[in-house]
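Listed in Swiss-Prot for this protein:
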type	residues	note
BINDING	R188, T190, W201, S241, H244, R283, R295	FAD binding site
DISULFID	C28-C41	disulfide bond
DISULFID	C30-C39	disulfide bond
DISULFID	C79-C384	disulfide bond
DISULFID	C88-C93	disulfide bond
DISULFID	C209-C230	disulfide bond
DISULFID	C387-C390	disulfide bond
CARBOHYD	N377	N-linked glycosylation site
REGION	117-143	region 'Disordered'
REGION	459-478	region 'Disordered'
SIGNAL	1-20	signal peptide
Amino acid sequence: MREPLLQLIVLSLIIIVVNTQFESGRLCFCKGFEAVEPCDCSKPQTIDKLNNHRIYEKVQKLLKKDFFRFYKVNMDKTCPFWADDRQCGTNQCGIAFCDDEVPAGLRRRNAVNMEAAAVKEEEDDDAEKCADAGNNIDPMDRTLHDDEKRQLDAMDHHDDGLEDKFCEIEDDESDGMHYVDLSKNPERYTGYAGKSPQRVWKSIYEENCFKPDPKFDKNFLTNPSNFGMCLEKRVFYRLISGLHSAITISIAAYNYKPPPPSLGQFGSQMGTWFRNTEMFAGRFGTKWSWEGPQRLRNVYFIYLLELRALLKAAPYLQNELFYTGNDVEDAETRKAVEDLLEEIRAYPNHFDESEMFTGVESHARALREEFRSHFVNISRIMDCVECDKCRLWGKVQTHGMGTALKILFSDLPHSHYKQDSSKFQLTRNEVVALLQSFGRYSSSILEVDNFREDMYPGESVMNTAADGPPRKSNKIDL
């Protein structure tokens, strides 16, 4: 009798604590004893102020550079877990996918010597075919200019240090690998909904071998919780929840309202992009679930984890040339990287990876390997996403998170690496994915502040920032 009563008391306390997380005075987040805790926005060390005042503008400036804009990816890999015909549930979430539209300089090496006239003819034909297909709301842009092709041919390089991978690694020279300009394909609403994304997220949460109840059911997917887990299991859960939540924030921040049906298919009015505060409040508030604010905390947790990975990789990044063939821009990129690292170094409250995978060596190694292998599977699940743009960003973000985990955990004492193995190697694609992933979480935290101002006027941390990014209106012009 005492045990159920104790559990009820603990649950009640949890609900009370969580319900205070969105009350005035506790709207921001700070580094806590283990991870992230709600705190007063007036505190100087809030993660919100770090990001919105000091980090956000610098990382966005960096991601506009050629070295970081282009990501090499195979968008045609088969889903390894179930049959997938890549047909979206609506005609709004599909996008045009035309391999031959990719410029000759970025195709596989045996196609580079094709005659320019033939290539141009193929590209024109494919572009015409693509014009009538795919996502009507936000199609994926695969175009590259000639000077961009030449730079990318020179800037792509890779290494052999892939033994400790935390995500599915694609061979840069394999068939199907093509460059995508991420600046032309921002993460936002695409209309992708229904059974397909539900199946993907169900599989991702099922891949979480650390869930409290070994028998997975829909209640865990609806209201997942890390209550009762050890540190490593809580970290794994937070990675999944934080990824899910960051994607939801992007969709809510860049949501789409279609034109009135009365206009018909010949109507000239376009739909409206807007910030969907109601969607944000429903997902991250406490109206429907006490778990809402916890989901936000997991976004901040991944932000701190990737911030720590960037700090740990700082010596490597400082020696990187970030070569694109444009000497002026390459120098600007190196300066932008150093400016970002300087801000990261100044922050005192970083994630501490040394607390993980400790104890008996054999158990720690087994737990670390289980952690690694299950995260690899999550990265593979991204090939099962039917919406191309959603799949692209799913692959980028899991690749970036996997790179962060590789940096943080590959040189721990119980790793299969030697104790003094501090000179890890990264591919160009890993560096791009890590910064792009960090950029997504940085943007999410800024958007949280925009939503915070909508829901609690005057509580935004940006109200006190004279040099921060301008606040967005509820209606978004793209």
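Using the three backbone atoms N, Cα and C, a Cβ is placed for every residue, glycine included.
According to DSSP, T190 (FAD binding site) sits in a coil region rather than a helix or strand. When the recorded positions C30, C39, C79, N377, C390 are compared by Cα distance to H244 (FAD binding site), the shortest distance belongs to C390. Same-chain residues at least 6 positions away in sequence with a Cβ under 8 Å from that of C384 (disulfide bond) are, in sequence order, C79, P80, F81, W82, D84, R199, V200, S203. For the pair C28 (disulfide bond) and R295 (FAD binding site), the Cα-Cα distance reads 14 Å.
Under 8 Å, Cβ to Cβ, and six or more positions away along its own chain, C39 (disulfide bond) finds R26, C28, F29, C30, T46.
Cα spacing between R295 (FAD binding site) and C387 (disulfide bond): 24 Å, rounded to the nearest whole number. Of the residues the record lists as binding FAD, namely R188, T190, W201, S241, H244, R283, R295, the two whose Cα atoms sit farthest apart are 22 Å from each other. Nearest neighbour of R188 (FAD binding site) by Cα distance, taken over the recorded positions C41, N377, C387, C390: C390. All protein chains considered, the CB of the residue listed as 'N-linked glycosylation site' has 18 other CB atoms within 10 Å. Straight-line distance linking the Cα atoms of R283 (FAD binding site) and C390 (disulfide bond), rounded to a whole number, equals 19 Å. Here the CA atom of S241 (FAD binding site) lies 16 Å from the CA atom of N377 (N-linked glycosylation site). Neighbour count (other Cβ atoms within 10 Å of the Cβ, all protein chains): 20 for C30 (disulfide bond). The recorded positions shown are C41, T190, W201, S241; of these, the one with its CA atom nearest the CA of C390 (disulfide bond) is T190. Taking the C-alpha positions, the distance from S241 (FAD binding site) to C41 (disulfide bond) comes to 24 Å. Taken residue by residue with DSSP, C79 (disulfide bond) is part of neither helix nor strand, so it is coil. In three-state terms derived from DSSP, S241 (FAD binding site) belongs to a helical segment.
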